[in-house]
Each structure stands twice: as C-alpha cells, then as structure tokens.
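A.B. asks: One structure coming up, written as structure tokens, with questions to follow.
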C-alpha cells in the first residue's frame, strides 16, 4: 500500500497570521511569547490538516520565523560572526536582526531560492565556522507534534545544498572544506532524532538538480555514506529538476529512499527505476507543488499503477516539492469565478489530491467520485471560451522580427537622449515605489469594499502622488517617479487591467520574511483593452518641471510572478504579455513621458536550473522584453530594473535586452555584481543600488559615496546612475527621506570630486 506525505506546507497561515505576528513583534507591540504562541497554533493547525487528509506522515521542520535557511544556520550554530550573537541562546529579536540588520550591521544577503520567487538568507561561512550547534527550535517543534500523537517526519535542508547556497567573504576559501565538520553536526542531529523515536527524516538536496562540479558530487557521496548509517532512515529529496544522472551514485549510498519531482522532470523516472535497490523507497512527486492548477488525477493514477506493481509499499505519493510556493486554501475564495475555481487546487486541496491518488490505488471504487469530479472540471477548462481569444491569437501570429529592435543602436540613442534629457553626471533617481502608508492602504481597502467612491479614491491617490513629487523635489532627485500609491503589487496592479487574468482574495504566498505576495492567475490569452498608467503618469508629470519616469512591470516578471496557465508554452504567454506592455509604452510616449522603466526583477529566476537549457529560455525572454520596449523613438529612454539578481553569467543576454539604463541590486553584495559588468564591457548605462532598502538601517552619505567610487573603478562615471537597490514601498517616510538625502549628498559630493579631478588634469 502506497504511503503519503508532503515535502512541506506554507507557514504563513491562511489569513497571514504569521506575517501580522512578526510585524507586531518588530514594532514592539507584542513580545516573544505572543509570536511563539501564534507560531505554535499555526504548526498545530497545519499538521492537523495533513492528518485530517489521511496522510501517513506529517512534516515537521518546514516552519520558520523568517526563512528555513536562516533556521538551519541557527540550528547548526553557523551565524555570521560580525553580529556577535551566541547561537545556543539566540533570541527571536537577534534572529530577526540577522535577517533585517541593525544599527551596527547590515542584514544578511538575500537571494532567490533556486528558480522560485521565494528568497532565502545566504549563510556566511569561513575558516572560523565550527558548526558547534545552536538553538534547537526544531526539536521543540518535534516534541509538539509527538505530544499530539502525530506520525512525524522531520525535514532539513541537506548539507550539500546548505554549503552550495552559502558564501564566504574570505578570499580563496573553499566552502567544501567545511563539509567534514558539517557532517559531524548533521550526524549528531540525526542521532538525536533517532533518540526521539523518529523513523524517517527528509533531507532536501535540490542542489543535485543543478550542474554540480565533480568534487561536490564526490563530497555528496562521502557525506551520505555517513548520514545514511545514522540509525534514522533518510529520504533524500530532490526537486525542481531532474537528478537522473545521479541515480547510480545515490543507489550505491545507504539512503533509505529518494523523492523525485515528476512534474518538472517526469523523464527521470526510468533512470531511477533501473537504479534503485530493492529496499529503497521511491517518493513520487506527482502533484505540482509550484502551480495552482487541479491535477489530472486519472492520468496520474495510470502512471502510478505500474509503480505500485513494482514498488508496493515502497511507493510514496507526494507533491513535487514543498507547498510553500502556493496559497494555503481555496476556502476563503468567495468571489472567484466558479468555473475557474473548479480548475484550481491550493495547498490544502493538494493534500486531498495526494490522498485521493493513494485511495485510487488502494480502492478504485471508493476514489471514483473524486476522480470523476476532476475529469469534469478539466474538460470544462479545455472547452471554455474564456481561455482562447481570437484577437490575441491573430496578433501573436503577426509578430515580426522588426518589432523586437529599436530604431538605432544604443550609441546613437544615447547621444540623442543626452541632448533631449539634459541630465547631470551621476543622475539620481529611485526605483519606483514610495512608502505605502496606513492612509494609502486604508483608502485602497475602503475603495475595494465599495465604501469609497471612485472619484474620492482618485483624489486621495493624487494627493499622495503630489506628496511624493514634492518630497523628491525637496530632496533634489534628478528623475522623479509618481510613487505608485495606487498600486497594491507590481504584478497584480497590471494584471487587474488585462484580459486573461484573474485574482484571488486571499491567495497569499510568502516571498521573504513577512513579505507576502498574491500572484494573479493567468488562465487565458492576455490582452490590454485600454491604457493602464497613462493618466496617472501624465498627472504626476504635470506637477513638476523635472523628468518623470513611467513605471511598468515587464513581461517576464509578469509571467514569473503569476500562476501561469499550463496548457500552452510559457514563451507564448510571455509574448502575449509583451504585446500588451508594448502598447502601454507607446501610449506613455505619446503622453509626453520621456523615460519609461520596464521592471524585470524576475528575469534571472526564469532560468532553467540546468545550464544546457538556458539558451532557449534566454532567447524568448530577451525577445519578449525587446518587443515590449522597442515601439518608441530613439529619444525616449528605456530603463529596466533587476533586484536580487546574480546575473554575471548571463550578461550577453542582459545586454541583448538593449535597455538604455539598467538598475540593479548591489549594496548587499558590496558591488561585486559590477565586476562582471566591467569585465564584459557592458555597453549601456547602469545604476548600481547604493543602499539596501530591505533594512530599516539608514546608511551614511560617506558609505554610499564609497560604493559609488568603487563602481567608478568598473564603470565610467558618464554611464553611472545613482539609486537605491529596489522600490521603497515597505519602508517608512522618515528613513526613506533620510536615506535618499544621504544618497543625493553622496552623488553631489562625487560629482564635485570628479569635476575637481578633471580640472586638475586639464591644468596639469
């Protein structure tokens, strides 16, 4: 009989209870006992959902107060030494300082979790890292679950993935040299789990699904030779891609089972069936853990029947990966179109799908009603007239190569733009959004509830726009933005105005820490029926003589940060989005807007995990961006923004996007991203972020000037812009104004310094 489990469950709560408890704690409105109490209630609720669904295991260890990698660093005792915290007595206040920074130290670096929109905190390791152990919150959670008489399966990120995703700031240091000490700590953790009565532990090694060097693979084997004999059974979990080439290696190790992502990489199954020894468990990840579409259970049952015949009780059924990446439940969706809702499955519904698959193998007749309901919903989706739009299909078919090219090369455009825009050396700007105050959020909520008339809402938003414009003028910024007061989310705002999109009331997903996003659903062909931002941007420009940027979200980010239809290639959906955004760019230019920013912070996260698959993605992704941007005259300056992106290895494709100006996140990584731009001789203009907006810490003007001077060593000052790392939506006005004042001060000081140097050279 097949067994059932999940790799992980969303931690935020169906009503974002964790987010609100975190933020209350940060504001000092509640203490650690309240936060711990909310966390305990959420864990118990989520375990009960798994138990009620009939799963054979409940997963423990997927909860984190901020991030699972930070939790693991705390458990291992591998905290950044610069904070001076004692790992074994780490408080929640100190834990959050690691994530958010404090007056003395900037936050730990944050970056994307593989190719998802979740962010993790990058471990900081070095020769001094000892892995002597730290706070054992995991064991407290296991005790909670055992006290509820639940069948516990703990989950930990595995040692190879932990090291692979870490960084060292010590030149020449090999992180892999830490593995022997790290394995000793893991072995002790597994032994403690054994003593707690745990039978199975899930060790997540998604790093096996990327292009690991040979020495890392050898290190993996050495590590699991030890960990596989710890006395607790190890389920080695891979996900997000195929790990087929490692099947013989894993089969030779003393691991008790392997979990495979058979949604993203169904082709790997044959290799694993051939390699796995007779005792090994195969956990089949057959329910999509990263998208929200209802699974074709009938088709999956057919594929599982042969696996059951081969593996029997050694077959486990699961989602492809942790359900962290999907919303908690459809129960709260009262306004969603009934047909569309019937096509969906969120985390709680996916628990039922897993259980139904196991039931269908065990008792086909008992599962028949559920399977029949699924078949009806999927057939209705296939036949729906809401999915295919003939107008969009015709336009996509008419796209030409010329639509992806600007009128002139960058050098000529740049000359014309300098003449037209008249900007100083090192022009200052921001990335787009300004603080979303309580007044803004309350007005938007009242408007959505029907308690505020459209005209009154428009006037309130215009008041906020004027406030933002006046503050920017007072600060002395060169290129202004309208502040995006009217926007709840950079994707949702546009999706609400496009055909082919749908929106949930409560479909929240954790992005990082307390930051939750509510991805829209692309269910059909995408089309822009009317302008989306033109009137707002035109109004903002009317308030000032300075240049006002139009602010749009690019096609790749619209795609990456949505739940995307799975019935056509993602490249086709990206092209539809590009055409919609192209129309908006052209209309902004007609309205007199001379600088238009098309944000693509998610560009790199769309990369396949395997380098061999990159070229195809980069071709259609860069083409989509160019199509969105190329409909304007040479004098119109196109900006793009990328944050949390490590893209030195795809710089040719970044250059191929042909944006006139790119702004990037660099402050947390001390401008190291710029080294690649310099070595590549990136031809266009660039704005390296000079301060980290994700921390409340206000950096001084001197610190920002030093970063700019470092940037000038790599990129000529004539091609540099000065800006924060990212938008300022989540910050408060006092810290925002203080930081921007220092940023402008730094830019002016460096301008003066460079001018003086130039004068000295002329007189020498």
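Cβ from N, Cα, C; glycine included.
Small disclaimer: the values here were computed from a predicted structure and weren't measured.
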A.B. asks: Which one of 587, 599, 613 goes with 431, 432, 433, 484 at the L-methionine site, as Swiss-Prot has it?
C.D. replies: 599
A.B. asks: Given Swiss-Prot annotates 641, 643, 665 as Zn(2+)-binding, which of 712, 726 belongs to that site as well?
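C.D. replies: Within the candidate list, Swiss-Prot flags 726.
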A.B. asks: With 16, 17, 18, 19, 112, 515, 516, 605 listed by Swiss-Prot as binding 5-methyltetrahydropteroyltri-L-glutamate, identify the candidate in 164, 200, 216, 561 belonging to that site.
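C.D. replies: Checking 164, 200, 216, 561 against Swiss-Prot: the 5-methyltetrahydropteroyltri-L-glutamate site match is 561.
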A.B. asks: Tell me which of the binding-site residues 431, 599, 643, 726 ends up closest to residue 605 (5-methyltetrahydropteroyltri-L-glutamate binding site) in space, Cα to Cα.
C.D. replies: 643
A.B. asks: Taking residue 599 (L-homocysteine binding site) as the reference, which of 16, 18, 112, 516, 694 (the recorded positions) have a CA within 10 A of its CA?
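C.D. replies: For residue 599 (L-homocysteine binding site), the recorded positions whose Cα atoms are within 10 Å come to none.
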A.B. asks: When you measure from the Cβ of residue 112 (5-methyltetrahydropteroyltri-L-glutamate binding site), how many other Cβ atoms are you left with inside 10 Å?
C.D. replies: 20
A.B. asks: Would you please pick out, from the binding-site residues 599, 605, the one with the fewest other Cβ atoms within 10 Å of its Cβ?
C.D. replies: 605
A.B. asks: Once the chains shown are all counted, how many other Cβ atoms turn up within 10 Å of the Cβ of residue 665 (Zn(2+) binding site)?
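C.D. replies: 26, counting other Cβ atoms within 10 Å of residue 665 (Zn(2+) binding site).
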A.B. asks: Between the Cα atoms of residue 431 (L-homocysteine binding site) and residue 726 (Zn(2+) binding site), find the distance and write it as a whole number of Å.
C.D. replies: 6
A.B. asks: Tell me which of the recorded positions 112, 665, 694 ends up closest to residue 484 (L-homocysteine binding site) in space, Cα to Cα.
C.D. replies: 694
